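TrEMBL annotations:
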TRANSMEM  72-92  transmembrane segment
TRANSMEM  99-117  transmembrane segment
ACT_SITE  ASP127  active site
TRANSMEM  137-160  transmembrane segment
ACT_SITE  ASP145  active site
Amino acid sequence: MARTTRSGDGRYRVIFGLAAGCVALDQLTKAAVTASLPLYGSVRVVPGLFDVVHVRNRGAAFGFLNRPDIDWQFWLFLLATLLACGLILGMARTARYSRALFVGFGLILGGAVGNLIDRIRLRAVIDFLDFYVGAWHWPAFNVADAAICIGALLAAIALWRRSDAAAGH
């Protein structure tokens with residue numbers, strides 16, 4: 001059963017520790033890609049399945065609103081990122097202790113900050129992981145995107161399990 005917590009329960013160590021690790025790994029991998037591949041360059045890693053590429057995404061996850069002819073999306077995604085970080089920290093402050101929930105929050109926060117650094121520095125996010133089968137490509141993504149998706153899944157499962165437990169299921 002989840003226990004009620006105070007700030008001394010380690011929730012912020014979990015959240016900020018994971019977030020810092022995510023940001024570091026995200027920025028290091030992006031630096032390695034930009035140092036070793038020209039923009040739009042690629043290296044085949046597993047033929048027919050996975051390449052490392054160097055692309056820039058001005059839009060959101062998986063290329064949503066990635067258009068060079070509009071600039072307002074920078075401000076939209078900047079505001080959305082700041083609001084998401086505030087929401088995560090606010091929820092963490094009031095939530096009952098759940099390691100899975102706080103791990104999820106840490107991954108989301110780290111991914112958001114990793115992409116925010118790119119967005120502020122480059123007005124775009126560096127993406128480099130390209131998975132595909134034949135001619136079908138999943139949109140390129142990065143460590144921060146993966147952290148956000150995994151973190152959101154963990155947080156959703158933790159919240160769902162908590163609501164099931166509260167309902168007596």
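Here the Cβ of each residue, glycine as well, is placed from N, Cα and C on the backbone.
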Densest Cβ neighbourhood among ASP127, ASP145 (active-site residues), 10 Å radius: ASP127
Between ASP127 (active site) and ASP145 (active site): CA-CA distance (Å): 9
